[in-house]
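Presented below is the structure to which this report refers.
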Amino acid sequence: MTTASATGIATLTSTGDVLDVWYPEIGSTDQSALTPLEGVDEDRNVTRKIVTTTIDTDAAPTDTYDAWLRLHLLSHRVFRPHTINLDGIFGLLNNVVWTNFGPCAVDGFALTRARLSRRGQVTVYSVDKFPRMVDYVVPSGVRIGDADRVRLGAYLADGTTVMHEGFVNFNAGTLGASMVEGRISAGVTVDDGTDVGGGASIMGTLSGGGQHVISLGKRCLLGANSGCGIPLGDDCIIEAGLYITAGTKVLFDGSLHKASTLAGSNGLIFRRDSVSGQVVAVPNTKVVELNTALHSN
């Protein structure tokens, strides 16, 4: 059994639903910095209280406080994706209206907005179960062009740059310095030196009941508007505009293969023959190198 604990400040509705929990420092039980944050916010009709949470990371989350701590553990880089149990986490998180004045309940939000408008313009960032990561955790050594594009529970390694059109879901992210201009779906990891090009997509495990975990190895390149539905080893390239799924027929070494049979292979370029239209895989002799100036964060 692996345990983790932290003290944080929780936001509760008048009916006791937990809207959020912020754990500023993993492992700390010091309440002194959080005490001034406790109290009632009548405009939002919520109460903020200090909580201390201890969990078994090998077991499934048991309540909302537990679920929030697991998301913090990922974004604080205490646990890598897939090394902490997140079974059933969706059912433990409440749908929340995320505003510039803090989280609000969905029920009755029209009146909540009216009360908050006395403080100034009310901006709604999203209505979702997951907030923006940077509102709770700002990892060292990363750049994020658009805070709305990275969910709490994302794991961003030192040296990662997420450009404005990049996206990183929870329980997913980068294991080393990487350029993210495309979408890293839930459950996906990309390793050191990999470049996810603009508009590129990596197939996740949430949609359609998918169970296969997709990962990209070191020094890979997904070209602009390409897609990847199989794990890649190191030094692989998918050319711009080409989407590789598990069932894609690929000409490799003189015969046709399902792309799934090449999963995890190192040193391949996947491209479409511009004359025949056939997807082919050939040995990669190129070396993908990131611009170090863009990753000295």
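The backbone N, Cα and C atoms fix where each Cβ goes, and this holds for glycine too.
Just one of Gly176, Gly217, Gly247 is listed by Swiss-Prot for the same succinyl-CoA site as Arg183, Gly198, Ser201, Ala224, Glu239, Ala240, Lys258, Arg271, Arg272, Asp273, Ser274, and that one is Gly247. Secondary structure from DSSP puts Asp148 (Mg(2+) 1 binding site) in a helix. Once Cβ contacts within 10 Å are tallied over all protein chains shown, the recorded positions Asp148, Glu165, Glu181, Glu239 are led by Glu181. Around Asp273 (succinyl-CoA binding site), the C-beta neighbours below 8 angstroms that are at least 6 residues distant in the chain are Val279, Val280. Annotation for Ser201 (succinyl-CoA binding site): same-chain Cβ neighbours under 8 Å, separated by at least 6 residues, are Gly182, Arg183, Ser185, Ser226, Gly227, Cys228, Tyr243. Counting other Cβ atoms within 10 Å of each Cβ, the binding-site residues Arg183, Gly247, Arg271 show the lowest value at Gly247.
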